[in-house]
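As recorded in TrEMBL, the features of this protein are as follows:
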type	residues	note
TRANSMEM	66-93	transmembrane segment
TRANSMEM	145-165	transmembrane segment
TRANSMEM	203-220	transmembrane segment
TRANSMEM	226-245	transmembrane segment
TRANSMEM	257-284	transmembrane segment
TRANSMEM	304-327	transmembrane segment
TRANSMEM	379-397	transmembrane segment
TRANSMEM	402-424	transmembrane segment
TRANSMEM	444-469	transmembrane segment
DOMAIN	492-607	domain 'STAS'
Amino acid sequence: MTGAKRKKKSMLWSKMHTPHCEDFKQWFRRRLPILEWAPQYNLKENLLPDTMSGVMLAVQQVTQGLAFAILSSVHPVFGLYGSLFPAIIYAIFGMGRHVATGTFALTSLISANAVERLVPLSSQNLTTQSNTSIVGLSDFEMQRIGVAAAVSFLGGVIQVAMFVLQLGSATFLLTEPVISAMTTGAATHVVTSQVKYLLGMKMPYISGPLGFFYIYAYVFENIKSVRLEALLLSLLSIVVLVLVKELNEQFKRKIKVVLPVDLVLIIAASFACYCTNMEITYGLEVVGHIPKGIPPPKAPPMNVLSAVITEAFGVALVGYVASLALAQGSAKKYKYSVDDNQELLAHGLSNVIPSFFFCIPSAAAMGRTAGLYSTGAKTQVACLISCVLVLIVIYAVGPLLYWLPMCVLASIIVVGLKGMLIQFRDLRKYWNVDKIDWGIWVSTYVFTICFAANVGLLFGVVCTIAIVIGRFPRAKTLSIKNMKEMEFKVKTEMDGETLQQVKIISINNPLVFLNAKKFHTDLMNTVQKENANNQLLDDISKCEQNTLLNSLSNGNCNEEASQPGPNEKCFLILDCSGVTFFDYSGVSMLVEVCMDCKSRSMEVSLAHCTGKGGLLASIEHDPSATLSILRYLCFLVASLIKAMKYCGNPDSEKPIPFESVSAALSNIYSNKVSHASCHAGV
């Protein structure tokens, strides 16, 4: 008997742990998103917009690749390689359909610290000029790209390790104000690094704490060395770029093809420089020789990995945070989902694999992603098409870029950072919603420009956690009264006995960045679960269930309530009496909940909003939130204490305020009945 039992137990154990073919298929589909979207690609609808977007993206990839390679203190040709391989890897493993991966200003700036520290410019005279290297460049240039590739390799390994440890879920600590401040501060650093090219000055490499201020001090001390020709050409290029891009933005709906002003400017500037011989006549610095072709792969030097650990962590964290923010923004805009952990794998491999092809660290860039939005890209096919064009540049067009003035290239980079720099405008909404978020933004920005992007990011996260820990002890976790979810259905004579349903849910915790996602997930799960029980719940006329949206707990929301059928309309009242404090992330998530509910034919009202400076006041102060709610929830109640209410009359200009949930319920009921009576009378 014992032997039989053991045999039976071993058979069950092997059955439980034997992987099936279907499990492997699901795993591969989850880890290779291209297997999901590629078979469903619609050639007729998507190929043309993806092709147009790919052409425009290739122009950005080439110009930014050249500039960010120089920013990374390596030869410009390595920026072209960095615009090719990471984009291909991300298209296979990444989930962001409109994320353009390639060279990135922030990661280039970080890797430049390692390059200048380990292979300083002063060592150039100690290395012999050699044309027998892999790409026909000097040993000095090959040593520099070796260090940059090592930073990329180790940074990618760190990201893959974070994926294995499933640390993507920890991104909730990276709040919107922290990311906005860090990227804005890093963009300020990049603009500062381009000043020497814009002014045509010869300047030594300056980095380290307060290096931002030392650069401008050096500029003012040597103001007489500014080349007027470079300054005028830079100003002209910036004016043309800004003007044409604004016109493209204004008339993008009327014109089918956007003018590629970057490409036109590069061709015009290179041709003018060649014809007038500006390099010798005026002393303008040009890009120089660009070798043809792609060298065979070679492993980055492993002996320098221990020396670049700091920069590798900076590349891994800053690159991932900036890229994930763009992927999530893309997913939110076009209504699809992004897995935080899968993005870690995608960006990790986009750094590890290209490091064997002499690539600098990569990440997604806001300018390129915004370009995909504006040109109507549909999928990652646009990025793959851009890779084909970049490949053509590497093998055929590269040598023609010799005469491109560096001041023009710097102007393109500065204008391309406009999207990051205008994030200063966020300060107003942070001040109106939560002044602590405003303080975090300012302090994170100051730390970023005084030290570095990774230091600013770390400071912002630590500061945010400390503030929330200090605020949470003052929070009450439950409402004063034990609010329950109440449902009732009212039959009216409208639309053939349309059922009207009202649900009340109590929010019993503060809404902050720590629990904003959980709040959204729990509430949406409650709505979605109701669909499965629709037929069973049609026989129920009244149902009461305890509801607790405790977003800080580790449990899931298990409440089940009735979901309105196809012909039913539903009202959802969120009792906010338990929301003792909130931040910008919480208010933004509340607005998103309202929008999602509206898309499910649910009208949302807020009750028991706190007094002066309360939740409703914050929503009213946020222009984007106000616009959204006005557009999707019909109107706002201006009172800070009373409910935000839709009373059945979208044209009403004077919404009725409510001091309690019961008053709102009674009014909805009477409103619907009277509206039905009037309709029957007519």
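Any Cβ shown, glycine's included, is placed from N, Cα and C.
With a cut-off of 8 Å between Cβ atoms, the residues of this chain six or more beyond the transmembrane segment (257-284) that come close are 52, 55-56, 59-60, 63, 200, 227, 229-230, 233, 237, 240-241, 244-245, 247-248, 374-375, 400-408, 412. Beyond the transmembrane segment (444-469), the same-chain residues lying 6 or more positions past its ends with a Cβ under 8 Å from any Cβ of the stretch are 106, 109-110, 113, 173-175, 177-178, 181-182, 184-186, 188-189, 209-210, 212, 313-314, 317-318, 321, 436, 512-514. Remote same-chain partners of the transmembrane segment (66-93), defined as residues 6 or more beyond its termini with a Cβ less than 8 Å from a stretch Cβ, comprise 31-34, 99-105, 108-109, 111-112, 115-116, 135, 137, 141, 144-145, 148, 190, 193-194, 205, 287-288, 290-291, 294, 342, 345-347, 349-351, 353-354, 357-362, 364, 380, 383-384, 386-387, 390-391, 393-394, 398, 401, 404, 406, 409-410, 412-413. For the transmembrane segment (402-424), the residues of the chain that approach it from at least six positions outside its boundaries are 60, 63-64, 66-68, 70-71, 105, 180-181, 183-184, 186-188, 190-191, 194, 197-198, 200, 230-231, 233-234, 237-238, 241-242, 245, 262, 265-266, 269-271, 273-274, 278-279, 284-290, 365-367, 370, judged by C-beta separation under 8 angstroms. Per-residue pLDDT, averaged along the domain 'STAS' (492-607), amounts to 63 for this model.
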